[in-house]
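Here's what TrEMBL has on this protein:
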type: ACT_SITE; residues: 116; note: active site, glycyl thioester intermediate
type: DOMAIN; residues: 32-185; note: domain 'UBC core'
């Protein structure tokens with residue numbers, strides 16, 4: 001992260017000393033997305049929930065990172081859930097793409113990794129979908145909340161998990177714990 005920020009500062013310093021003809025060199029330009037990400041990642045590191053950890057496979061690519069969530073309460077206590085977050089070039093006009101890499105029994109996360117979280121929707125009927133004013137911090141806090149207060153059995157993506165909870169809460173809890181034991185350690 002610091003590597004990309006340092007690179008930007010060096011380029012801005014070099015850019016200030018360039019001649020007019022050199023200022024059209026597109027190979028040295030940094031995208032709007034990358035400039036936003038530098039600021040948002042710094043803010044995210046300061047405001048990260050204590051149940052979350054962010055890692056960057058390549059510190060020079062802030063547009064691709066992983067998030068580990070280890071819930072400290074509720075059904076998913078004791079599990080460690082990995083998410084992959086890809087920030088598209090059109091960010092912040094479109095939301096990041098998020099996938100759960102850990103197999104999980106959850107009403108709002110499909111076993112294939114798709115996630116039902118309104119702020120990740122580009123268009124939302126209820127008005128709570130993505131907006132250019134949202135940030136990576138909102139995404140991380142929203143994903144973290146899927147394990148506590150945003151756990152939604154009434155509007156599920158994984159209908160089988162939601163119906164299982166309605167039928168037998170204790171058996172649902174047991175199945176969640178089995179998934180944690182087998183996939184989320």
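Just so it is clear, glycine is given a Cβ too, placed from its N, Cα and C backbone atoms.
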Spatial neighbours of residue 116 (active site, glycyl thioester intermediate) that are distant in sequence (at least 6 apart) but have CB under 8 A: 108, 109, 152, 155, 156, 157
The domain 'UBC core' (32-185) [mean pLDDT, rounded to integer]: 94
